[in-house]
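Colleague: Let me begin by handing over the structure; questions about it come next.
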Amino acid sequence: MATSRPTSEQLKTLRNYTACDIADALVKLNVPNAGFLADLKLITPSPSRLSSEVTIAPASTVLFRPKIGTPDGFPAANIPSDQHYVDRTQPETIVVIQQPEGQICAVLGGIMALRMKVLNAKGVVVSGRVRDVVELESTGLPIWAKATSIVGTALEAKPHAVQVPLVIGGTKVTPGDLVFSDTTNGVVVIPQDRIAEVISLLPGLVEADDQVKGDVSIGMTVQEAFKTHRR
């Protein structure tokens, strides 16, 4: 499945905002979970040298299954037996990986991240575990995960399908949706058919918040400031 691409002008506009701003717009649009991918930790760049970096790119997806058995409701497997899933990485995307819950193994390590980098991935978001943190750091990619591990994938997991819709903690991620990685605040997913609506809402939402903060800073109550500026 090919991903659709946002325009360069849309990407330029979105870079003026934070993940929190994006989520506020998605709340207004009634997008489930405001597009937030919850409970992720920034693995690289190291939080100890954290600076505000925003990476925006369409999602490509990878779904892992347990090593033995395929859960009910999974899509059909689509990775050819003579190919490795990572060699199918789509360039100019942020790779979103879903691992079965409760596993202790990693589904991303140094070799996989290096291959993604060579294939021009722009970042990786793992709903699961990663390992080889120093090697991950060396790729220069923004990489998010729920936790780390020292154990390889083969212990418990197996790649099942690529470029299929995922549901992560109630947030749907479809290939081509826009992933907004904000190293200061978190990761939010903009449905590809709502990008223009999000952009149209952002200036007014941010201006209202700036006005609220200005009034609160000079003594107005939050209740009054919200009533005055938020609709």
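Every residue, even glycine, has its Cβ placed from backbone N, Cα and C.
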Colleague: From R88, R131, grab the residue that TrEMBL records in the same substrate site as G109, G110, I111, M112.
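Modeller: For the substrate site that includes G109, G110, I111, M112, TrEMBL also lists R131.
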Colleague: Tell me the Cβ contacts of M112 (substrate binding site) under 8 Å, same chain only and six or more apart in sequence, or just say none.
Modeller: V86
Colleague: Please state whether DSSP places I111 (substrate binding site) in a helix, a strand or coil.
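Modeller: The three-state answer is helix.
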Colleague: How big is the Cα-to-Cα gap, in Å, between G109 (substrate binding site) and D132 (Mg(2+) binding site)?
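Modeller: A Cα-Cα distance of 5 Å.
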